[in-house]
Amino acid sequence: MKALWAVLVVTLLAGCLAEGEPELEPEVTDRLAWQSGQPWELALGRFWDYLRWVQTLSDQVQEELQSSQVTQELTVLMEDTMTELKAYKKELEEQLGPMAEETRARLAKEVQAAQSRLGADMEDLRNRLGQYRNEVQTMLGQSTEELRARLSTHLRKLRKRLMRDAEDLQKRLAVYKAGAREGAERGVGAIRERLGPLVEQGRQRTANLGAGAGKPLQDRAQALGARIRGRLEEVGNQARDRLEEVREQMEEVRAKVEEQAQQMRLQAEIFQARLKGWFEPLVEDMQRQWANLVEKIQASVAANPIPPSSVPQESQ
């Protein structure tokens, strides 16, 4: 029980610090800074720009959110991004050339995982907007301010996750591209080796034997390092996501507490008004009865004056 209270206190302090010093947003307001002109990056940039417009929650956005227009636009942009991404990945696979099978499989697996995370982020965004539309439709004639605030918080969180996963995918594709370039260079080296003189071929074969002995170790070391880095990044991402969830839950709890307090104040005011309405007529009636009684007493005294008492005189 003490441990639970300690965790709650730490969470509250973290929320207070977050309110006192707001977290700085990454510089992503104009364009994605890491874009290098690849078609899939340009398609993702269009998705990002549309998301920035949706996040303003302007009157036009609110109007279009009532229909399926926003989710349809996001679906088209998602499909364009995934199509361009698959085409770019296929192009890199064709350029890989000769490469260790373990390295090829590892790179392909990492890129596929990063691609899946990016697609899941886009899908979560679309689903969240669809959920908001359904919630608004069920609250016709009521205030949707709380729904808009909650949507803004979720969009900010999803946008950060989308940015992080997009950068991770770009980095892994860069490694994939470097592997393709290395494979092409190895292919040219192999042709040069076959066309060289016999002495050069023998010397090259000897050098390749030495390199071949160390290559599996190098590949395994690279694979192990990549797995360790991936695991550390995953743990860090999970910790950040968990912290965001805790903060979001605390914000929701605080909003509910404030709402309940406001309702209690309103109920107290209503009860006070009812009490006043009950007792005011009673007090006024008692005052009227008391005034009538006083008037009657005064009238009775005026009509029947008390005669002066006779005092007997003493005999002299």
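Glycine is treated like the rest: Cβ placed from N, Cα and C.
Per Swiss-Prot, signal peptide is recorded for 1-18, and the stated evidence type is sequence analysis.
Swiss-Prot lists 76-97 with the feature repeat '1'.
Confidence annotation: the region '8 X 22 AA approximate tandem repeats' (76-251) carries a mean pLDDT of 77 in the model. The region '8 X 22 AA approximate tandem repeats' annotation in Swiss-Prot covers 76-251.
As annotated by Swiss-Prot, repeat '2' applies to 98-119.
Among the features that Swiss-Prot reports, repeat '3' is placed at 120-141.
Taken from Swiss-Prot, the feature repeat '4' covers 142-163. Long-range contacts of the repeat '4' (142-163) within the same chain, counting only residues at least 6 positions beyond its ends with a Cβ under 8 Å from a Cβ of the stretch, are 26, 28, 32, 48, 51, 54-55, 57, 62, 118, 121-122, 124-125, 128-129, 132, 135-136, 241, 244, 248, 251-252, 255.
A C-beta separation below 8 Å, combined with a sequence spacing of at least six in one chain, links SER143 (phosphoserine) to none of the other residues. Annotation source Swiss-Prot lists phosphoserine at SER143, citing similarity to another entry.
Residues or ranges marked as repeat '5' in Swiss-Prot: 164-185.
Per Swiss-Prot, the feature repeat '6' maps to 186-207.
Summarising the annotation, Swiss-Prot assigns region 'Lipid-binding and lipoprotein association' to 206-286.
Positions annotated as repeat '7' by Swiss-Prot: 208-229.
Across the repeat '8' (230-251), DSSP helix (H, G, I), strand (E, B) and coil residues number 22 helix, 0 strand, 0 coil. Marked as repeat '8' by Swiss-Prot: 230-251.
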